[in-house]
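Asks: What follows is a single structure, and I will ask about it in a moment.
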Amino acid sequence: MKLLTAAQIREADAFTVQEQNISSLDLMERAAKAFTGWFENKFQPSEEAFIFCGPGNNGGDGLAVARLLHERKYKVQVFIVGDTAKASEDFKANMERLPDEVQPQKIEEEKDIPELPLIACVIDALFGTGLSRPLTGLYEELVEQLNSSGACITSIDMPSGLYTDSQTPEGSTIIQADNTVSFQLPKQAFFLPQHEEYVGEWHVVPIGLSEQFISGVDTDMFFTTRRDVQHLLKRRRKFSHKGNYGHALMLCGGYGKMGAAVLAARACLRSGVGLLTIQVPSAGYTVLQTAVPEAMTLTDPNRKHLSDLPEDIDKYDVIGMGPGIGTAPPTKTAIGQLLATSSHPLVIDADAINIIASSDRLKEQLPKNKVIFTPHPKEFERLVGKAKNDYERLQRLREFCQEHQCCVTLKGSHTAVGTPSGKVYFNTTGNSGMATGGTGDVLTGIITALVGQQYDLEEACILGVYVHGLAGDLALRTVGEIGMTASDLIDHLPKAFMCLQQPMS
Ligand SMILES: NC(=O)C1=CN([C@@H]2O[C@H](COP(=O)(O)OP(=O)(O)OC[C@H]3O[C@@H](n4cnc5c(N)ncnc54)[C@H](OP(=O)(O)O)[C@@H]3O)[C@@H](O)[C@H]2O)[C@@H](O)CC1
Ligand SMILES: Nc1ncnc2c1ncn2[C@@H]1O[C@H](COP(=O)(O)OP(=O)(O)O)[C@@H](O)[C@H]1O
Ligand SMILES: [K+]
């Protein structure tokens, strides 16, 4: 699904109004109804709502929500900040529509800011996608007071003060919402870790924006939904055999880190690969043969670390490498040799990334349209340098993928998949139970298996990252967040693939 910029959202609103022959006030009413529906599911009428409205259409939403909540027997108090003489037409119309029982109070100076009860329910309708500069003056003061009030804050469309699709200037004051209820589509800002404390949990409510507009609009930012990945899944043919699903080679493991090889290998086998050969330092032979009997095990001449490549390397369909391998000089040499000679698709993780990051020569040798990198943010920083903020990091992601014609899964809560054409796909599955050692090794195994089965690099990343997070979400139901381990993800992979095979209701 596409992510739109603030400007594109404005165009989508205007297009929808034309296409559906409705007024912008009707669209605002839809938005307010959608928000109210979400709110009713979350909060009881016994909880008094304090609604803070700015001068634009976001404030207009707030006024309409106040009326709808009042009709549904919620107690509401409405506060208006800003010059209402200059307010939008739809804001004014919604002021008119307010019932007599709901009389808004104006906040014109600091002393007008109300003192909230200890447990208050705040609706933030100050600014949405129309924010054009950082908050100052009374707005800033109000937001600071709301943030420190301990109230449960729900933002309409955007946390006020946060830019929708670009870096908010440093030091700006921004609402720290517990929940953000966004219209039709999530906003780009929601996917960036630096915004966690402002956005809180985000939710999307439909408001019937034009499908035609959204499908035609040009964007290079996407978020992945089940609908997007489900159709990617390849069917297994009745008369197929193991030779049809790829033979993967994995170069993983090291002394004290043989578990990384076990996890990657088991995840690879649970992701549909036909055959798996894994090469480990010789100390790992018994471990691998015992823990992963389905895999064929080759041993490196070195006992403790990778130092050599298998002789018949050409026979494999994909090579996954990195988990647990360390950065010893012979390992660096072996990785260099692989990059220089291999014509395989390569899935490069962990220390294999660190090795390449440390050498400009190796970076130059990267074969085009053959490589997937799966870094966590620190590994990514080693590869491309330090970024000032998340937007700069995303820009580096796109540039790196374009320059090297490769894919990168920049891992995190919403893993961002960068592609050779400069597109970015944010993942939407997964949970913080996955923030535990070894889960990245599992992802390497999954993506290696998918590339082995002839998914193209971009598809393998998008699908692999999605199914990895889905396995985490399924594990959450049985083991919870705290007790979750990387092995739990592997155990839930079959169920995750089965979920994707089921038609959507
Ligand atoms: N369009 C539609 O049909 C629909 C829109 N919808 C809703 O509208 C929201 C977008 O509304 P919007 O475009 O009116 O922008 P909004 O976020 O209210 O702020 C703009 C106002 O604030 C002002 N302003 C900006 N920055 C400022 C600052 N730092 N400090 C002070 N003032 C500042 C700016 O005036 P300026 O001073 O810049 O001229 C302007 O007055 C969207 O998020 C959704 O909630 C839904 O109802 C669905 C239908
Ligand atoms: N808070 C989170 N929410 C969702 N996914 C997460 C979260 N934290 C970590 N993950 C996922 O877990 C994996 C961790 O990978 P990585 O840091 O490489 O771990 P390791 O090196 O221990 O295997 C990544 O796929 C990441 O997206
Ligand atoms: K808001």
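Positions of Cβ are set from backbone N, Cα and C atoms, glycine also.
All annotation found in TrEMBL is predicted automatically rather than curated by experts.
Model, not experiment: these values are computed from the prediction.
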Asks: Among Asn57, Asn58, which residue does TrEMBL annotate as binding K(+) together with Asp124, Ser160?
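Replies: Candidate listed by TrEMBL for the same site: Asn58.
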Asks: So TrEMBL lists Lys411, Gly412, Ser413, His414, Thr415 for AMP; which of Gly385, Gly440, Gly445, Gly452 goes with them?
Replies: Gly440
Asks: I need the nearest neighbour of Ser132 ((6S)-NADPHX binding site) among the binding-site residues Asn58, Asp124, Ser160, Gly412, Thr415, using C-alpha distances.
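Replies: Nearest candidate: Ser160.
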Asks: Using Thr415 (AMP binding site) as the reference point, find which of the binding-site residues Asn58, Thr129, Ser160, Gly324 has the shortest Cα-to-Cα distance to it.
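Replies: The smallest Cα gap between Thr415 (AMP binding site) and any of the binding-site residues is with Gly324.
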Asks: Which ones in the same chain are close to Lys411 (AMP binding site), with CB under 8 Å and 6+ residues apart in sequence?
Replies: Thr374, Pro375, His376, Pro377, Gly440, Leu443
Asks: Once the chains shown are all counted, how many other Cβ atoms turn up within 10 Å of the Cβ of Gly440 (AMP binding site)?
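Replies: Total other Cβ atoms inside 10 Å, all chains included: 24.
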Asks: Over all shown protein chains, what is the count of other CB atoms within 10 A of the CB belonging to Ser160 (K(+) binding site)?
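Replies: The answer is 28.
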Asks: Quick check: with Asn58, Asp124, Ser160 left out, which same-chain residues have Cβ atoms within 8 Å of the centroid of the K(+) site Cβ atoms?
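Replies: Near the K(+) site, the remaining chain residues are Phe52, Gly54, Gly59, Gly62, Ala125, Leu126, Phe127, Gly128, Ser155, Ile156, Asp157, Met158, Pro159, Gly161, Ile175.
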